[in-house]
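Below is one structure; the comments refer to it alone.
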Amino acid sequence: MKNYQFSTALLSSQIQGKKLRFPCPAKINLFLYITSQRPDGYHELQTLFQFLNFGDWLSIEIRTDGKIILTSEIPHLKNEDNLIYRAAKLLQQKTGCTLGANLHLDKILPIGGGVGGGSSNAATALVALNYLWNTQLSLSTLAEIGLQLGADVPVFVYGKAAFAEGVGEKLTFCQPPQKWFLVLKPETSISTAIIFKDPNLPRNTPKRPLAELLITKYENDCEKVVLNHYSEVEEALGWLLQYAPARLTGTGACVFAEFANEQAAQSAFLDKPEKYVGFVAQGTNISPLHQMIEYLSQQKQTLCLPNNTNSRG
């Protein structure tokens, strides 16, 4: 896996080019508790999302003909089914914007790892195109569009670390400690259907206020069930636990260990077995995507936008 982190230098060095590259940050679930199962089968939860300064890159170049042209490094996925393409089309439909875009995804995050890659890609497309096309939708409106693409898309749209409740739609922004993490992807993919159908999955963890959860040991209710079904995840987690507190993110397959500083995380990373892909990154309570949008706004960059093309419909 390509191993570099987002930074201001990486963001600022590209500004003079015709294309802009926007970060699609990973996320981790610092904790995840399942509090109930609704009659419709959906599970209610309490979870804490934090972004990482590591992820995919989405390159964007504006077109004047309204076409959305996407190239990516994801095999066997039609563009029409890609969340990036769908996000761009939904934004056009919502705003009546007549501009288009050339989009290229530099895929770095592991697919199916539970670190939010697809949701982050969709959110970056929405937020970045809203900025570049000057469609001026609010984040709440973009989040509503994003919810059509996936339950986790809104948290990436808002770009702040968040405590999520319900089925993930109730968000409370917060500021957990920004630690360093070593994230590993075992050589397996998780079936969420298998996990959520397992009778041993906890479904009645008592709801607790955020203030209490933040000072309690963080756990993931899905972890034991995932480990029972996937020995590869159990092995990877066991390896991480030699170095630091570690657990599953989401339903996996990625697992992560938390460290107080980068040096300790990098030291463990150097010992990583070759069969694991992984990366070291710092948690951040403000999404690198939103940091870049803010940077562009502060620099007052003059983007080559055609005149009179912003139609709100």
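Backbone N, Cα and C define each Cβ position, glycine as well.
What you see is a predicted model, and the numbers here were worked out from it, not measured in a lab.
Counting every protein chain shown, 26 other Cβ atoms lie within 10 Å of the Cβ of Lys27 (active site). Annotated active site per Swiss-Prot: Lys27 (among others), in sequence order.
Annotated active site per Swiss-Prot: Asp152 (among others), in sequence order, evidence recorded as sequence analysis. Of all the Cβ atoms in the protein chains shown, 23 others lie within 10 Å of the Cβ of Asp152 (active site).
The ATP binding site feature in Swiss-Prot is assigned to Pro110, Ile111, Gly112, Gly113, Gly114, Val115, Gly116, Gly117, Gly118, Ser119, Ser120. Within 10 Å of the C-beta of Gly118 (ATP binding site) there are 21 other C-beta atoms, taking all protein chains into account.
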Of Pro110, Gly112, Gly114 (the binding-site residues), the residue whose Cβ has the fewest other Cβ atoms within 10 Å: Gly112
Count of other CB atoms lying within 10 Å of the CB belonging to Ser120 (ATP binding site): 30
Where Lys27 (active site) sits in the secondary structure, as DSSP reduces it to three classes: strand
Pairwise CA distance, Gly118 (ATP binding site) versus Lys27 (active site), rounded so that it is a whole Å: 11
Pro110 (ATP binding site): secondary structure state under DSSP, collapsed to three categories: coil
Those residues of the chain, 6+ apart, with a Cβ under 8 Å from that of Gly116 (ATP binding site): Ala26, Lys27, Asp152, Phe156, Gly250
